[in-house]
C-alpha cells in the first residue's frame, strides 16, 4: 500500500514549530512528511539545537527521506527570523504555508495537513484591516468552503469532541441549541466511521449542568434541548448514550467501549483529555473534506531554539493522520 503523504506546516517561525518539525527526521513514521517552511530557517534552527538533520527538497515523485533526513517544501520567510521574537511581517508567510498545503491537497499531492502552532495575535496585528483571524480551523474551513467543522482532541485512547468551542462560559448555555447538537453529533459520527474506520461508533454525551440537570432541578438544558436532540439522532441510527454528568462520564468504567465523548463546552472536556494524554494530545478537525490534525499546544516562544521543546504532540498528530488515512480507505 502506498504511503500517505502529509503537508506539515511549520507554523510561527519564531516559536517551537521549526524545532519540533526537525524531530520528524528521526521519528520512523509510516508515511512521508513534507515540512512546509523556510529551509534556511530550519537549517539555522538545526544548527542552534545541535541536530544533525539533512534537509532535502520535497519531490512528490521521489521515494521519500531516509532516517535523519527531512523533506522540505521551501517557502521563504518575509523577513529574517529571531527565535522567541514575533515579527508581524512574517504573518503573511505563516498563512502562505497553509495556502500551499491546501493547494497540494487540491492537486492530489498531499493526503492531509498536520499543523504546528501559529500565533493568532501576531497574525491579527498584521491584518487588522482585512478581518479577524480566528485560527487554523476556521481558516481551513473557509478556504475549503466547509460550512461547519467540529473540534475533537484525542490522546491515549480518549477522544473528546465539543459542541461549543471558544466561548465565554456565560454564553455557553444560550449557544447550545438542539440543531447545533444534532449537526455536531452527525459530523462526529460520520468522521468516526469514514475517517477512523469505526463501523458503529459509540458516543457518550455529557450533560451541561451538574448531575446532568438532576431531572430539571439544576437546569433545563438537558430536558429541553439535549435529550430531544439525542432522541432524534438515535432515530437516525446514531449510537449515543447519555446525557451523563461529566464527573461520572470520564470514569474508566464509563469510557470502556466508547469511541468518543461529546462534551458541551471547552473546559468541560479538554482539561480531562489534556491531563489524560500528558502532552501527547492531538487536535483533529472533523467535517473538512481532507484530514487535518494538529498539536494541542501553542508556540512556546520562550522555548524556541533552547532544546527544551517536546515534539511528542506533533509526532502523535502525524501518527493520528496516518490512522485516519488508513481508516478512510
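Yeah, the Cβs are placed from backbone N, Cα and C, and that goes for glycine too.
According to Swiss-Prot, the features are:
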BINDING   136, 137, 274, 283, 292  substrate binding site
BINDING   166, 211, 266  divalent metal cation binding site
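Neighbour counts of Cβ atoms within 10 Å were compared for the binding-site residues 136, 211, 266, 274, and the top value is held by 136. On the backbone, the CA of residue 274 (substrate binding site) and the CA of residue 211 (divalent metal cation binding site) stand 23 Å apart. Using a 10 Å Cα-Cα cut-off around residue 211 (divalent metal cation binding site), the binding-site residues 136, 137, 283, 292 reduce to an empty set.
You'll find the Cα of residue 136 (substrate binding site) roughly 13 Å from the Cα of residue 166 (divalent metal cation binding site). Residue 166 (divalent metal cation binding site) sits 12 Å from residue 137 (substrate binding site), counting Cα to Cα. For the binding-site residues 166, 292, the ranking by surrounding Cβ atoms (within 10 Å, all protein chains) places 292 first.
A straight line from the CA of residue 266 (divalent metal cation binding site) to the CA of residue 283 (substrate binding site) spans 13 Å.
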